[in-house]
Amino acid sequence: MARKTLRARRFFSLIFPFFFMTSVYAEQTSVSAKTVTVEAKNETFSPQHPDQYQSWKATSEQSAREDALAEDPRLVILWAGYPFSRDYNKPRGHAYAVTDVRETLRTGAPKTAEEGPLPMACWSCKSPDVARLIQQEGEDGYFHGKWARGGPEIVNDLGCADCHNTASDDFAQGKPALTLSRPYAERAMEAIGKPFDKAGRFDQQSMVCGQCHVEYYFEGKNKAVKFPWDEGMKVENMEKYYDAIAFSDWTNSLSKTPMLKAQHPEYETWSAGIHGKNNVTCIDCHMPKVQNAEGKLYTDHKIGNPFDNFAQTCANCHTQDKASLQKVVAERKQAIHDLKIKVEDQLVHAHFEAKAAWDAGATDAEMKPILNDIRHAQWRWDLAIASHGIHMHAPEEGLRMLGSAMDKAADARTKLARLLATKGITHEIPLPDISTKEKAQKAIGLNMQQINAEKQDFLKTVVPQWEDQARKNGLLSQ
């Protein structure tokens, strides 16, 4: 089908939330009579937009959990000393956004609003309650404090008010009324020359997704969300930005390297690929127009794999049949995976070799250039693999980043071999058994029995209290 047909289909689109955000725990405050409070309860909009709501609700069917650490135990070593070494699952349906952030071992087991390892910002891509709290408290108020503070407030899953101005006349009239509900995302788009209010319809469709499906970090004392785009969106640009401000997410507990952890940079990688360059948006592929029982077109909010709706997605532009395109995508995915594993093997060795160098008496000055190579290698690897769809969005860029990561890791290991030789160590540094997730976690000193027990107690005692309080405050419908 011709490109203009796709554009015609877009014109009639009703866009709902693609990417979703976080929330905070704070007391509900009164608002000015001139201010309409963000409505975070998604079911409120079901009577007005029944097809969109029901398809959004169907994301609960995407319930399978895939344990990425069990699939690839090397990750435990690469993230040693960071919460991701405890628990990392592949993404599932957006209906599980709040559930998953509560249940992941990464958020710990806080007993009070002041406890826990993570800041409030960790809610920011999980719920329309985030937009509500930012409106009520301001950004500084929202970001203040620990993650547990948001428990009784952030209770509705990613939904309508994350991407739509649900209080607007346009939305009431059935128009998309797209909006950036996160002020920090609006500032980031302006930093790359894309102010939302001046963007075209198709740009806006991807920008609302880009509120969450991006790389970000926590800035300053308040741990506020910021996108590292001041120098640009390529991996080297963001690396330069982070290096200039001497930022690190954590220090690897084996190598003592100040590390960067990539998040989920789909907007950046999509922008670098052929679809992004031709303005084929996230919506075109993941939220196509479909017909309801009466033959009326609406935007499918069951965000998913384009191949599941091939006739409404890929076939709008491509002349190849489904099997042919699936074969191409599978080959690209395998190529990315194969190089990914090779880079990980080099990085695992580098972390243990760096530990051996420290143990042998290496100095900070001797280790600094080596740790910088490890930092840059793992950052480039991580930005490539953290975007789970890079084999589709930008396979060439993915391979380029992984190739660069391999070079940096090789540089680090060459320097380590020379340094270790000066310490009288010329044999290969042995690796512990990391053939399973459990063995790898034991190798870095994690007491997973205790961590899991504490989490289960938290889920049984604290989370029910959060939900009871939310119901009393009218934040949950049931």
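Here the Cβ of each residue, glycine as well, is placed from N, Cα and C on the backbone.
As annotated by Swiss-Prot, signal peptide applies to 1-26. If you look up Swiss-Prot, you'll see HIS94, CYS209, CYS212, HIS213 marked as heme c 3 binding site. Annotated heme binding site per Swiss-Prot: CYS122, CYS125, LYS126, in sequence order, evidence recorded as sequence analysis. Swiss-Prot lists CYS160, CYS163, HIS164, HIS301 with the feature heme c 2 binding site. The Ca(2+) binding site annotation in Swiss-Prot covers GLU215, TYR216, LYS261, GLN263. What Swiss-Prot records for TYR216, HIS264 is substrate binding site. According to Swiss-Prot, the feature heme c 5 binding site maps to HIS275, CYS314, CYS317, HIS318, an assignment based on sequence analysis. Residues annotated as heme c 4 binding site in Swiss-Prot, with sequence analysis given as evidence: CYS282, CYS285, HIS286, HIS393.
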Neighbour count (Cβ, 10 Å) for HIS301 (heme c 2 binding site): 26
Other CB atoms, at most 10 A from the CB of HIS164 (heme c 2 binding site): 26
Under 8 Å by Cβ from LYS261 (Ca(2+) binding site), counting only residues of that chain that are 6 or more apart: TRP79, TYR82, PHE84, ASP249, TRP250, ASP382
Pairwise CA distance, CYS282 (heme c 4 binding site) versus CYS209 (heme c 3 binding site), rounded so that it is a whole Å: 7
Spatial neighbours of CYS314 (heme c 5 binding site), counting only the binding-site residues CYS122, CYS209, TYR216, GLN263 and Cα distances within 10 Å: none
Alpha-carbon spacing, HIS301 (heme c 2 binding site) to HIS286 (heme c 4 binding site), which is rounded to whole Å: 8
Shortest C-alpha distance to HIS264 (substrate binding site) - which of the binding-site residues HIS164, CYS209, CYS212, HIS275, CYS285: CYS212
Other C-beta atoms that fall within 10 angstroms of the C-beta of CYS285 (heme c 4 binding site): 24
Cα-Cα distance linking TYR216 (Ca(2+) binding site) and CYS317 (heme c 5 binding site), given in Å to the nearest integer: 32
Least Cβ-crowded entry, counting other Cβ within 10 Å, from the binding-site residues listed as CYS125, CYS209, CYS212, CYS314: CYS314
Count of other CB atoms lying within 10 Å of the CB belonging to CYS282 (heme c 4 binding site): 24
Inter-residue Cα distance where the pair is CYS125 (heme binding site) and HIS286 (heme c 4 binding site), in Å: 18
Count of other CB atoms lying within 10 Å of the CB belonging to CYS160 (heme c 2 binding site): 28
